[in-house]
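Step one of this worksheet: look at the structure below.
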Amino acid sequence: MLESLNRRNSIDSNQADNDNDNDNHSNDELSPSELYYSPSGSPPKSQLLLRKSSSPSSYSPIKSDLPNIYSHLRSNDSESPPQPSPKQQSSLSSSSSSSSSSNTKSSTTKNIFKKLLRINKSSDNIDESRSIVSNNGGSPMSDSTTVTSTLSTDTAPKRGKSIQRSQILHHTDSDSLYLENQIELRPEISKSIGNIKIPSIFTNDGMPLLKISHKSKKRILFWIDPSCFKFSWRMANSTTTTTSATTSATTSGLPQGITNTTALSNSAIISTPAIATSAIHRLSITNRTTHEFVLDDIKSIYIQNEGSGYREELNISQKLEKNWITIIYFNHKKNSLKSLHLITDNDHDFKKLISAIYNLKQLRSQLAKEFLIDLNELDENYVKMLLNKELLAGDNGNVDGNEVDIRKSHKHVREFLSFNDILKYSKRLNINVNTNHLQQIFDQVLLLSSATTEKPVSTPLFEKGLNFEQFKQFVSILKDRKDLQEIWDSLAQGKEVLQFDEIKNFIINIQKENFSDDDDNSTINLIFQKYCSNDNGWNKESLNEYLLSSYSTPYREITQTQTNYYDYPLNEYFISSSHNTYLTGRQVAGDSSVEGYIRTLQRGCRCVEIDIWNGDSNTTTTTVIGTKDDDDKNEYEPIVNHGRTFTKPISFANVIRAIKKFAFIVSPWPLILSLEIHCSPECQIKVVNILKDILGENMIIAPIDIDSVILPSPAELKHKFIIKVKKTTSFQNLIETENGSFTTSTTTTTTTTTTTTTATSLSEDNENNKSNSSSTSSFIIRRRKNKSPKIINELSNLGIYTQGIKFRNFSLPESKTFNHCFSLGEKSINRMIKDDDKKISLDKHNRRYLMRVYPSGTRLKSSNFNPLPYWSHGVQMVATNWQTYDLGQQLNEALFENKIFQGYVLKPSVLRKPTLKSSSSNVDTRTSLTTTNSKTIRFNFEIISGHQLPKFPKDDYKDQAINPYISFEIIGAQDVQWDNNDSSPIAPTTSSSPFIRTTKIIRENGFNPNFNTKFSGSIITTTNDLIFIKFVVYASTSLNYPDYGENFPIAILVTKLNYLKQGYRYIYLNDLLGEQLVYSSIFIKIEYDEDLLNEFINK
């Protein structure tokens, strides 16, 4: 994501040491280089995109952000600790000469734990963090110290840049205010206790930023609360204080480079570093409304040129691109994705903000993996260094020595974690468990300790608590995996480790992994050696690490034996398609934005829709900040909009630039641009020029094989743009080819087909207008029916392989041209499916030619239809509203799972092979095929457990532990015959989901609930194999049965059955908008008949 940080993270370690030695200045004066570090030594990703990986080669769903947050907390040291650097050894040598005499391991652990407790004094309350004042002035504390992180990898430690941690906050159990001196910590310690430094401006006054939207440009103050990973901002006002007799005439308070302030209100003006300091401008809050989101809500971030599509859409000058930040996040109150476009005042502020976000993300991932490290893994030198770096300051703010007299300083040093500390850790890590359960574990550890050697700690000021060894016991009990233990017991049969042959049997016979080309067992041996323990075999932890790794991904991939998968003609594929791609909300009053194109392309969409209209000649171009082009007219400039509705237009040129930029990042296969032309001939000329200028040689403007009468394959059109546009030439000179298709002769006549259009029906097939216009919402601005503009030849001729023609009849010669494409509304195709004769013709047509189906214009809220009936009849492009994550879109994304197909799915052979001619025209070939060739598929699914499930979506229950249960649904089958088991079916929620069963409710445990519920039976299906599995995680207000309370869906996963591998698998879940929940997963066992895979493998 943050590609621009790569070079900043490459600063050498010597420079890092110099920065750390000169770290006494204020955070606001820090050098930008001090704000960046890379915990792994590798450059960060190009996008902070919290979705599943789109690349098959890079897909590692659980390896990077593991729900098993305690995987690194071990009781025994299993690896040799890294050795300190020469400089560290020198520091240790000098410090050890003045250290105390106690060097035993037990006292060492206690003292380290004491230091950690003093460090961990951050609050979870953002208001509390701002209320802390210093002793001498009453102003917010701005003095914060630097923790120098020694970055470690798997092989050797590396020195990293200093990172800024938030100011010291009040501890919930003490009135004492602790000050920290500069220390050195290994990053595992700092991160495991949740510490990170950020510039103090984010926790004190807030960073001034310029917020850009379609409606306005406003100044805001931006805060970050690192204790709970929260971002917040408020609108700001400016006040000016004169500090000298000479007052600067400069009034611009905009980011550097902005000279045109006509688009900004007076409240948006503050000073910048470039302005003379004779007048001091300060920001104040204009209202009490606070906008906020947390780190986990962020879906993607675009910085600088990555966000050029948004910047151009908002008419912001390119000179401000270097300070541009776009944050896409989920707004819980509005239950939708929101875009936050920001411009920093200068380069330094930009680096501060980006660094803070990146470091918080790294910390969040680290906390989710580790929670707290095992100090036994620290080498002795690091232990001594920690002991001799005193964390506790005296009353005068100076360090008195290695040991501080608590009675003199009136500071109370704790060597334990209270139960309140445990709750704070749980809240920070989103451990969604009943408080009573945590209390029981807490008391259990205390009881075990009192029965052995140690007694519970108790002081007059603090309640009883756990020392470090006891806390490790607490974590061990909390993370205990009974489900994994049962699997291990069944495999090991009493053994402590498993050897190679046993692991090979597990991988091949239980996990059903296909290693047919691994004759020498080299692949399996590589996996075995990677997770071997010290006993030269696999233990229980080895097994879990393998199940969580990329070697155990739950989804199948195209194997090397399927190298010809993309070599078939385009008409033999299902193609991932979007309807009204430019919309981010409803059809009537939603926003139009390039964001719609960016998001769909990032998810693998291969056919996007662009509705092109004339720009309004009565208005001028929106003022571009930083330019002087205020008087340029927008007449005849093509715009993208949803007709004459309340949606906002966007520039066609900006749309094409954004499409080109993101077109082939996720998928290399051809992208179809479906153009809907509603503009004048003059504007169409500009459309042609824009397409050619921006797309260049990547756009298909001539057949790649002029003699071919079949469509080319995706492999032949790799990285190419295909234009789909209406054909203007009449079909009067068609030549029939040998295979029955028709092609046009070289001589063409130019005529134009005119159609009518209304605001409710703006797509290709206008036959829906009659039925749609009568049901138009009163919210739409009505206009006279005008004839659609004529499509000029220059534009029509760009439709090389996807010529849009109006459907009249399947038997006409124009319906047999190899490169035509029918576009039908859902009402039209539904009528065809109900007619037996038309259904046969529909199936026959779609075996050889292209068709696109789109939702009705009466779906004012951009809802979706069920795409399964249209796929079952071979429709290649079933366009859905991607901005609405309902069942239709869930099925659409499940079919085109990016990790596997990247937007192109080869249709089942039964939908590609030519149909046999029947002696009777009344025979329904599909009905006959379904009756004689149905399949019975045995299945056995076991939902074993869940991990870090989301919290209640309602504010009324947000602080309560959830009562989760999971529904299991089979979609697309003719029938399902369930085996008898303890789970009872519940009534279907929709007509497309007739077969649902549920697990039992687990009381107040969303952290690691064990469901242990099996679902087995037989699926009766046709040979098209369009069978899908849907998991929905619910949070219930009832403790026993769903019918007794409210049930809130909190996570969803829909996948095609034969995409799933068998065996034990971790499956990541999506939120209600289809975005992956990075830390939430379910652990399941999958079994079904191998016969179902034959169609998938042997296509």
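Each position is counted from 1, following the chain as shown.
Placement of Cβ uses the backbone N, Cα and C atoms for every residue, glycine included.
Record check: Swiss-Prot places LYS724, LYS726, SER823 at the substrate site, and the matching candidate among ARG848, ARG852, ARG859 is ARG852. Each residue in the domain 'C2' (917-1071) has a pLDDT score, and their mean in this model is 78. For HIS579 (active site), the number of other Cβ atoms no farther than 10 Å from its own Cβ, over all displayed protein chains, is 25. Secondary structure from DSSP puts HIS579 (active site) in coil.
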